[in-house]
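Database features, via Swiss-Prot:
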- 9-278: domain 'Protein kinase' (DOMAIN)
- 15, 16, 17, 18, 19, 20, 21, 22, 23, 38: ATP binding site (BINDING)
- 128: active site, proton acceptor (ACT_SITE)
- 296-448: region 'Disordered' (REGION)
- 296-306: compositional bias 'Polar residues' (COMPBIAS)
- 315-328: compositional bias 'Basic and acidic residues' (COMPBIAS)
- 376-396: compositional bias 'Polar residues' (COMPBIAS)
- 404-440: compositional bias 'Polar residues' (COMPBIAS)
């Protein structure tokens, strides 16, 4: 018996599950377009699909925001139908032997900052910035980064009055500890600065292969978070970014200099990385590391030398939790590409398991319109091997509250509140030096820089 959602979407095979419910492949019976269908029981103790669907509706129209196609109740389930997307950056990171080149990181950084900025302009914080929550598109959108998983997103200001949420302390850690900002560890209410600091950790994770606070052992989750927090605060950004371009140091210094209600200068941050991209002599061709890996895999397969690249069946199964060595993660993730209970878990030998599935998705070279307003619908040249990678996070019911967090650092209202840099100096005695000198060159004066804002090939014009 065929199940049709909303009279329009045929429910296909199950491709994932998580704490939020179940994820299915679907197809629009009118257009044959493949979609992703999320199901959540109406009896769920902590329903979030309705909230997430509202966020999708509020964010519709932004580049890199999946298109919400339908939401409603079918029988005993809340159902959300959205775009079918490709692999996450965590999957691609594993596929590329857990290291990204500087070129790939800079191309990703530009798009990722744009995605965070867009959410902020719509009045929301993401609050769970991590590689799993950034996905690549499929087909004509294969070079476009999408941001997903709005389960922890929070409205930080009123769009009409622009009134900002109040400063608070003693907040539980919300998000993923590995990428959480220093202020989040200290129990401070999150604001725009924290999303950007988290993004900085993601970028360094891609460049370095790991972060200094990974793999710390502790008896309890609270002790684990405390160890991560301590290590993070005791690691100067100069050490974190050692042997990498100083622009990454400047990025962190800037993010940590922001006060609670400050509006970040997103253009400055993008310009840091764009100028570095040009100075390194890179071409904005959207050939990522995995694009080259995919081309090499295809070449080897054609010559019959594929033994080292072929992984197991593409069908998703849950990896046993026995080797889950990263308890700093507490968001449920659906991942049909990787056999794991939590992606980004540091299983360094597992990257080859992703190759055969990812190879089928990665085109040798694809350029798309990344910065034009995305249309209300997108076409796909459907392949039955395509999969969805959609995740859903919710705060843990057991999030630890540090009893020593109250009045960690006395603050006053308004602009006199300390920045993260000042907090670090007060808390650890670390010396920090400012490197916030802004480049004088205007992005609009350089034709190469302008290509970051509009690509020469529009996906919507391609047939």
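Placement of Cβ uses the backbone N, Cα and C atoms for every residue, glycine included.
Known features from Swiss-Prot, placed on the structure.
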residue : record                       : DSSP (3 states)
15      : ATP binding site             : strand
21      : ATP binding site             : strand
128     : active site, proton acceptor : coil
(request) Please report how many Å separate the Cα atom of residue 128 (active site, proton acceptor) from that of residue 21 (ATP binding site), as a whole number. (result) 19
